[in-house]
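Asker: Handing you this structure, nothing more for now.
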């Protein structure tokens, strides 16, 4: 069965680019999102997120009649579910969004449909989703019931793209295809090949789920090494960035760069999915998470020390000292604030500090709710002119262009080594 109509459930940082990629190949794409504001923006041919090159693709797709957004699922040949999968307070995976998405498409499923879960999920999530669908559509058969002969095919195909490069990597990167049966994998591969230039690498759904978790856990462990090294170097009076530069001259050493912690909806979340299912075995993965989650607390302590130094060297009261935090996003040059350590650091500073806390984030127009009323969103030049203590949290291009003489006479906490 060919794919004439494709529906993408969830029009966020992954879902919207995916929908746009299919629409750019002149497929009829229906994007579904519960956010009416996002739906309205997309239907105007605009985008509600910051992602280079995405805006033009969406504009052309909407104007060409190949992409439309709605809040209610409709009948389609294929469904891709790209909704959030956060963790609960105890670090257990929260599959509520996936369950809601599955139940929303169940009434419009037809024989021959393909359902793909893209959301990063714990091992077994695809089988669980198939169970939810089967429970709601007893008139159809699913892979766990009928194998290769199932009426509905189901697969797990994780995204593996870099924010800021999504429209390139979505097309160029290889794709892991984890069907519940070989037929499911074959159909999922055929769907992605509509726009994919990379290779479709086929496996089963459980291995595909674990592959995504493994990729992000590997990165988290390596970042934890760099972050722990930065703590050690601070105690020893060593420039960690110079140290890493020298160590990386070894042909078999490639240490990553330290920072204020780890953010985003993948690396800061996914390792916990492994830990939750394998608490006795995943000791290194758990420790890496604890190291990276602890780094923001260390940064706040450095800011407190800088304020103390400022007070000792000036005649200002604490309430007169202004602190400027540079960056809120979880990585450079994007507007995505999910799980960003910079957000928590700015919030902690503002709650502790009796003076004004300025925030500079060139990729947003207003402060998120958790900072509204605590901080002041400021322009770059104004913050540089007013602040006594500068806190570098995200190495946006605008910040890397700041001349050294603009910061060298200040009290500086540089978590990214931009002003070293």
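Even glycines carry a Cβ here, placed using N, Cα and C.
The active site, proton donor/acceptor annotation in Swiss-Prot covers 212. Positions annotated as active site, nucleophile by Swiss-Prot, on the basis of sequence analysis: 266. Annotated NAD(+) binding site per Swiss-Prot: 13, 14, 33, 85, 126, 338, in sequence order, evidence recorded as sequence analysis. Annotated UDP-N-acetyl-alpha-D-mannosaminouronate binding site per Swiss-Prot: 160, 161, 212, 216, 219, 250, 252, 263, 330, 331, 416, in sequence order.
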Asker: Would you find the one among the binding-site residues 252, 338 whose Cβ has the most company, meaning other Cβ atoms within 10 Å?
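Answerer: Output for this query is 338.
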Asker: Most Cβ neighbours within 10 Å: which of the binding-site residues 13, 330 is it?
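Answerer: Neighbour-count leader: 330.
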Asker: A 10 Å Cβ contact count, applied to the recorded positions 212, 219: which residue has the minimum?
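Answerer: Looking at the recorded positions 212, 219, the Cβ with the fewest others within 10 Å is that of 219.
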Asker: To the nearest whole angstrom, state the Cα distance for the pair residue 85 (NAD(+) binding site) and the residue listed as 'active site, nucleophile'.
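Answerer: If we compare the Cα positions of residue 85 (NAD(+) binding site) and the residue listed as 'active site, nucleophile', the gap is 9 Å.
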Asker: Between the recorded positions 126, 266, 338, which lies closest to residue 219 (UDP-N-acetyl-alpha-D-mannosaminouronate binding site), Cα to Cα?
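Answerer: Smallest Cα separation from residue 219 (UDP-N-acetyl-alpha-D-mannosaminouronate binding site) among 126, 266, 338: 266.
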Asker: Over all shown protein chains, what is the count of other CB atoms within 10 A of the CB belonging to residue 85 (NAD(+) binding site)?
Answerer: 20
Asker: Cα-Cα, whole number of Å: residue 160 (UDP-N-acetyl-alpha-D-mannosaminouronate binding site) versus residue 13 (NAD(+) binding site)?
Answerer: 12
Asker: Would you mind sorting out which of 212, 252, 416 (the recorded positions) have a C-alpha within 10 A of the one on residue 338 (NAD(+) binding site)?
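Answerer: Cα filter at 10 Å returns nothing.
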Asker: Might you list, by sequence position, any residue in that chain lying six or more from residue 126 (NAD(+) binding site) with a Cβ less than 8 Å away from its Cβ?
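Answerer: The answer is 117, 154, 155, 156, 178, 180, 205, 206, 208, 209.
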Asker: In Å, rounded, how far does the Cα of residue 212 (active site, proton donor/acceptor) sit from the Cα of residue 13 (NAD(+) binding site)?
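Answerer: Roughly 17 Å, rounded to the nearest whole number.
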